[in-house]
Amino acid sequence: MEELREAFEEGKPVILIDRNRENEADFVFPAQLITEDVVSFFVTYGKGLFCVTADEEDLLKRGFVKLSSNYGANYFVPVDWGTGTGISALERAETCRKLAEGRYFHEFRYPGHVTVIGGIGFQRRKGHTEASLEISELAGFSRHAVIVEILDEKGNSHNLDYVLKLSEKFSLPVLEMDDVWREFVKRKLLMKKKAEATLPTDFGVFKVVSFENHLDGKEHFAIVKEPLEDPVAVRIHSECVTGDVLSSLRCDCGSQLANFLRYMSAHGGILIYLRQEGRGIGLSNKIAAYSLQDKGLDTVEANRVLGFSEDERDYAPAAQILKALGIERVLLFTNNQRKTVGLEKYGIEVVETKRLYGRVTPHNRFYLSTKMKKLGHELEEIFREVNS
């Protein structure tokens, strides 16, 4: 973030690339620092719509008027500052700075030449508008930014080669949407403890903790058994109604859950229960995937046929729960290296990992083999035991 701030102070915008939107790229620059030269650069080399972004709530409090839309765009009435035409680079820069100062709508002339867009929160929408506000704030400036979509010589807005050459030519920093999301989750506390209660179970007496969730709105929860050592024994368990509740033999989820609860009862630890049914695709789609597996596809192939990636999960909620519980260092019980990476990228230190196996049955053997071969799950040991 210090490097980002230095670039902005030198008058260099950041290029923000969204690989989930066919590599669409925007210039991003803090509105409070914008100058005539930066505006001129944006217009010359960006060529897309020139916009200033701010939080929607902030704009509404200042009286800005939202335009009607039939496709979800969050545009407000465009404005100008001052008495000139408003179109020059000098005038547009001043308009952006006045917006960043917190000036009210009635102080501007409208309609003007600076398009205003309201952000609705990065956790709700991972778009350039919302990301630009986080970038500006992370670099130490107010939550107001100027963004311009980058078009190539033919007006194409999705030319990654052109964007990267532009970055190289002018020595501009490049960020991807995932980079911003990672810093956003690492630096902000978006979940906090809401309630906790005693939970007596067949495995022992635990605490169950719920959370106020401003990250994804889902009712994730944690099971805690004290005392907690450093590093804390942690298991991230993705919801599996069929395995956890109905004791399905198609997977090993229920038996893994039971095995960790037994461990917790004896040694202490935290079970994080994430509402990520079917590796993040939901129960209905999981059942559809089961149907495809009944026809001979494996679990990865079934996901892809349904239009999903092999694993749709993000472990940001798990990292946020640990932060809400005051945990920074963990002993992670997992066979899945993606969970280790998923915690570490959000600022949780995984000191060590330990394997946690479930039950192998004739019904889940092929499924487990697929997870090992195609998803990288470390299950070789359990297959050696079964085959011996």
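Cβ from N, Cα, C; glycine included.
For the recorded site, Lys126 (D-ribulose 5-phosphate binding site), the DSSP three-state label reads coil. Proximity of Lys126 (D-ribulose 5-phosphate binding site) to non-local residues of its own chain (separation of 6 or more, Cβ distance below 8 Å) is seen for Asp18, Asn20, Met177, Trp181, given in sequence order. Here Swiss-Prot flags Arg21, Glu22, Asp26, Arg125, Lys126, Gly127, His128, Thr129, Glu149 as D-ribulose 5-phosphate binding site, drawing on sequence analysis.
What Swiss-Prot records for Glu22 is Mg(2+) 1 binding site, and it gives sequence analysis as the kind of evidence. Long-range Cβ proximity for Glu22 (Mg(2+) 1 binding site), meaning a same-chain Cβ under 8 A and a gap of 6 or more residues, is found for His158.
According to Swiss-Prot, the Mg(2+) 2 binding site annotation covers Glu22, His128, on the basis of sequence analysis.
The C-beta environment of His113 (site 'Essential for DHBP synthase activity'), restricted to residues of the same chain at least 6 apart in sequence and closer than 8 Å, consists of Phe50, Pro78, Asp80, Thr85, Gly86, Ile87, Glu91, Arg92, Thr95. Feature annotation from Swiss-Prot assigns site 'Essential for DHBP synthase activity' to His113 (among others); the stated evidence is sequence analysis.
Swiss-Prot lists Glu149 (among others) with the feature site 'Essential for DHBP synthase activity', giving sequence analysis as the kind of evidence. The 10 Å shell around the Cβ of Glu149 (D-ribulose 5-phosphate binding site) contains 18 further Cβ atoms across the protein chains shown.
Marked as region 'GTP cyclohydrolase II' by Swiss-Prot: 187-388.
Annotation note: Thr334 (GTP binding site) sits in a coil segment as assigned by DSSP. Marked as GTP binding site by Swiss-Prot on the basis of sequence analysis: Arg235, Ile236, His237, Ser238, Glu239, Gln256, Glu277, Gly278, Arg279, Thr299, Thr334, Lys339.
Cys240 (Zn(2+) binding site) falls outside any helix or strand according to DSSP and counts as coil. The Zn(2+) binding site annotation in Swiss-Prot covers Cys240, Cys251, Cys253.
For Asp311 (active site, proton acceptor), the count of additional Cβ atoms within 10 Å of its Cβ stands at 19 [all protein chains shown]. Residues annotated as active site, proton acceptor in Swiss-Prot, with sequence analysis given as evidence: Asp311.
Secondary structure at Arg313 (active site, nucleophile), as computed by DSSP, is coil. Sequence annotations record features per position, and here Swiss-Prot assigns active site, nucleophile to Arg313.
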Cα-nearest neighbour of His128 (D-ribulose 5-phosphate binding site) within the listed recorded positions, Arg235, Glu239, Arg313, Thr334: Arg313
Whole-number Å only: compute the distance from the Cα of Glu149 (D-ribulose 5-phosphate binding site) to the Cα of Arg313 (active site, nucleophile). 29
By CA-CA distance, flag whichever of Glu239, Arg279, Arg313, Thr334 among the recorded positions is nearest to Asp26 (D-ribulose 5-phosphate binding site). Arg313
Quick check for you: of the recorded positions Arg235, His237, Glu239, Asp311, Arg313, which have their Cα within 10 Å of the Cα of Cys253 (Zn(2+) binding site)? His237, Glu239
Compare the Cα of Glu277 (GTP binding site) against each of the recorded positions Arg21, Cys240, Asp311 and report the nearest. Cys240
Pairwise CA distance, Glu239 (GTP binding site) versus Arg21 (D-ribulose 5-phosphate binding site), rounded so that it is a whole Å: 29
Based on Cα distances to Cys251 (Zn(2+) binding site), point out the closest of the recorded positions Arg21, Arg235, His237, Asp311. His237
